[in-house]
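Here's the structure, in structure tokens; my notes come after.
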Amino acid sequence: MENQEKKENSSSVRQSEREQSRRAEMSRRRRKRQLMRRVTFVVSGILFVAAVGSIIWNVAVKKDTPAFVNQGEENITVPRPDIDVQLLTVNPNSRPGIATDRIRGIVVHYTANPGSTAQQNRDYFESLKDSQETSVSSNFVIGLEGEIIQCVPTAEMAYASNNRNSDTVSIECCHPDESGKFTDATYKSLVQLVAWLSQKFGLDTDDIIRHYDVTGKDCPKYFVENVEAWEQFKKDVADYIAKYD
Ligand SMILES: [Zn+2]
């Protein structure tokens with residue numbers, strides 16, 4: 001009898017121990033769940049604040065003051081040349097709508113299409129959105145009469161200068177014949193546009209390059225074949241800027 005009672009006692013002790021440990025386990029799980037809920041709440045709070053902050057930053061701050069768009073802009077002393085802005089439709093073949101990096105150079109080209117006008121070259125770039133025959137364009141085209149047409153904003157990439165498309169501004173120049181030599185009017189506008197862009201982007205003479213300096217291509221032909229004319233051009237740009245200092 002005594003034995004039996006002992007057994008029952010010890011069995012009920014074991015039972016209550018099991019009960020206690022079961023409760024302890026449940027309360028541990030409950031605490032764990034509460035902790036997880038708090039962590040989740042805090043983390044989502046942080047993510048929410050970060051997302052809202054980033055939207056505000058992009059819309060209100062960054063959009064209006066991208067450092068690379070306004071780089072050097074406050075120091076412009078040369079007059080802005082007349083620019084006929086005829087932006088291309090955004091399309092994969094001539095205006096991909098991709099933002100440029102900080103502008104570190106200006107690349108001069110020739111159209112390699114004697115006698116063609118700035119308007120024809122601009123319209124050709126535009127036509128590529130339908131024909132899709134190739135991918136080519138330029139930020140600016142300067143015509144035989146010195147007219148300047150802008151096709152792609154300088155904050156966006158044009159397809160002219162190969163691996164320098166993303167950090168340069170491109171200028172295509174029209175020319176009357178196979179020599180690739182520019183008319184006086186084209187040359188004058190090129191000097192004025194390059195001078196103005198140099199100041200706009202805080203660049204110096206070494207940042208003015210030929211397509212040839214990027215890929216070795218014979219472009220702009222006359223300035224590749226007549227190095228002294230190219231050096232003179234850069235000097236003319238520097239002199240033009242100095243006039244307005
Ligand atoms: Zn070129």
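The backbone N, Cα and C atoms fix where each Cβ goes, glycine too.
Database features (TrEMBL):
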- 1-27: compositional bias 'Basic and acidic residues' (COMPBIAS)
- 91-221: domain 'N-acetylmuramoyl-L-alanine amidase' (DOMAIN)
- 1-31: region 'Disordered' (REGION)
- 39-60: transmembrane segment (TRANSMEM)
Secondary structure composition of the domain 'N-acetylmuramoyl-L-alanine amidase' (91-221) [DSSP: H/G/I, E/B, coil]: 43 helix, 25 strand, 63 coil
PLDDT averaged over every residue in the domain 'N-acetylmuramoyl-L-alanine amidase' (91-221): 98
